[in-house]
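Here the structure is laid out as structure tokens; the discussion comes afterwards.
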Amino acid sequence: MNMLSEAAVEKALDKKMNEVSYKMIGKDVSVYYGEKRALYDVNLNVRENTVTALIGPSGCGKSTFLRTLNRMNDTIDGCRVTGKITLDTDDIYDQQIDVVELRARVGMVFQKPNPFPKTIYENIAYGPRIHGLARNKADMDQIVEHSLQKAGLWNEVKDRLLESGTGLSGGQQQRLCIARAVAVSPEVILMDEPCSALDPIATAKVEELIHELRTNYTIVIVTHSMQQAARVSQRTAMFHLGHLVEENETDKMFTNPDDQRTQDYIMGRFG
């Protein structure tokens with residue numbers, strides 16, 4: 001009996017380890033800009049500690065969906081979102097949700113590097129200061145150093161912390177923006193074409209960083225580069241004309257997709 005019980009426990013543990021853990025769940029998500037409908041009943045679950053790439057031709061709705069995940073669409077006049085999106089168990093569109101806190105939990109890195117017109121140090125310290133994450137300057141110094149290390153930037157800027165963040169190269173600025181997002185201890189990091197304005201060397205550094213960040217964060221990235229999606233993601237979702245066409249393991253999406261539209265897009269037959 002004991003042996004059977006132990007075997008049952010081991011089987012249960014194995015099953016638990018193999019269970020999929022979803023960090024964010026989107027159910028029947030539609031987005032309207034005034035009378036124009038941009039997304040149609042999207043159902044997409046984002047796996048925890050996984051890089052999920054959103055691909056599709058321009059105007060397909062991938063960036064629109066990305067912005068629903070931390071309510072960035074709230075900043076657009078006339079934008080309306082229906083359906084339900086949860087972060088863990090929290091409905092992020094519930095009226096009781098603190099949007100500032102939500103955007104700390106779900107950070108965003110934009111297409112064009114947008115450092116604040118402040119010192120490198122203050123770029124990182126700004127968010128933790130607002131959210132009360134540091135009790136004193138020593139705490140803040142540690143957060144700044146840790147965040148810059150996470151973004152692979154510390155060794156390049158540790159002697160220049162009081163210089164302006166806008167004086168960095170484009171690739172360094174983007175990593176500074178990633179460090180700024182990391183500084184408030186997010187659970188999810190959204191990236192909207194983070195490498196489109198960067199040269200190949202800077203792009204390689206950001207992609208390497210994405211691989212490292214996946215250990216501690218859930219990442220959703222919009223990219224127009226099929227090669228980048230294949231390199232950095234474990235899951236890929238294909239959008240077309242406001243619809244989610246399919247979502248699957250990246251390897252399968254690029255070798256044997258279920259939908260012909262995905263195959264055509266990946267092969268460059270439309271875009």
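Cβ from N, Cα, C; glycine included.
Neighbour list (CYS60 (ATP binding site), Cβ cut-off 8 Å, at least 6 residues apart, same chain): PHE239, HIS240, LEU241, GLY242. As annotated by Swiss-Prot, ATP binding site applies to GLY56, PRO57, SER58, GLY59, CYS60, GLY61, LYS62, SER63, with the evidence given as sequence analysis.
The domain 'ABC transporter' annotation in Swiss-Prot covers 24-266 and rests on sequence analysis.
Apart from GLY56, PRO57, SER58, GLY59, CYS60, GLY61, LYS62, SER63, the ATP site neighbourhood in this chain, defined by C-beta within 8 angstroms of the site C-beta centre, holds THR64, PHE239, HIS240.
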